[in-house]
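First comes the structure, then the notes that go with it.
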Amino acid sequence: MPKGEEPYTVAWDAENECILYIDQTLLPGRYEQMRCVTVDDLARAIRRLEIRGAPALGIAGAMGVALAAVRSREADLQRFLDEISRAGDLLRGTRPTAVNLAWGIDRVLQKMALAASVAEAKSMAVAEANIVAEEDELTCRRLGGFGEELFPERCTVLTHCNAGALACRCWGTALGTIRSAIAAGKDVRVIACETRPLNQGSRLTCWELARDGVDVTLIPDSSAAYLMRKGMIDLVVVGADRITKDAVFNKIGTYMHAVAAHHHQIPFHVAAPVSTFDLSHRETDVTVEERDRSELAYCGDVQLAPDDVKVLNYAFDATPLDLVDGIVTEIGVLRPPYTESFRLIGRDQENRP
Ligand SMILES: CSC[C@@H](O)[C@@H](O)C(=O)COP(=O)(O)O
């Protein structure tokens, strides 16, 4: 977190060789740091959304591989690498849509494959995981700087879900652009959609922004189009979990905001690091996570739907690129038709080790 001595969302504890993280399921009531000492602990924390948000999942994936490495007792290098690769597969399977998770895991596995001994592989894994985390902070701040230019001097921006400090190491992507605009002296008010069913908007985005003294107003997801119609929203900025050749995957509900923004001629922007791009795939190739019926059928212990009713609980949706007016990244703001910028990013990704 950017304030004072506060902890980062996900961090490596070098002394105890484990992962420290802020349990996001406890917010806004409790702000508490937890630890994962095994890969199983981490897999559980990710499935429960104690750690969530694409860039934070990338860091968690990278640190999860480092955790598996330092905990291993295997002495043979090849068997060691096979064991860590299986740990990577376990983590990769926890949440299929946010591409950053697999990206973070693969980055550390690829680095370890260059090691000449188990000891070297372990120290390479920890070092690379920490680099992934440090880079995320730089990326968010750079991205925020580019995104700031999208904000008029005085404006109201709508955002969905939480693409803030809690979804990254700190600062945030969509909220990073808002923080940067405010830091540049602009008068920015935020409309935060509650983001049913798990309320990342009301619990996390409102908590983060209110704590920073940002003017934030909570709305039900279903009122966004009406506020647009009433002229109460100047622009929309959201994060992303995966950007394919043809679509932006983000929290369920994002697509309806994009459609409504297009209808009302309100700019709709996405803020995401280059690590969120997956330009070798199309929308239809991507597995969209479906979550448990209990998230909709219950609110805590209160039953909201009959026992036998069918529930369809997609965690994400896909917004076609023709509804996206700009994608803010750490290398600049990409503009439609995206062909040339995607070609350059895709070529760069293919050339990675
Ligand atoms: C910078 S985070 C961008 C996205 O990861 C965010 O908008 C989102 O959809 C997160 O979903 P979640 O299910 O809470 O992990």
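Every residue gets a Cβ built from N, Cα and C, even glycine.
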Record-annotated substrate site (TrEMBL): member among R95, R291, R293 besides R52, G53, A54, Q200, N250, K251
R95
Including all protein chains shown, what's the count of other C-beta atoms within 10 A of the C-beta of N250 (substrate binding site)?
30
In angstrom units, rounded to an integer, how far apart are the Cα atoms of C161 (site 'Transition state stabilizer') and Q200 (substrate binding site)?
5
CB < 6 Å to ligand 1, subset of binding-site residues G53, A54, R95, seq order -> G53, A54
I want to check the contact list for R52 (substrate binding site): same chain, sequence separation of six or more, C-beta distance under 8 angstroms. What comes out?
Q24, I46, A167, Q200
List every residue in the same chain as A54 (substrate binding site), at least 6 positions away in sequence, whose Cβ is under 8 Å from its Cβ.
A98, V99, N100, L101, A167, G239, A240, D241, R242, A272, T276
DSSP says K251 (substrate binding site), in three-state terms, is strand
Through the lens of DSSP with three states only, how would you label R52 (substrate binding site)?
coil
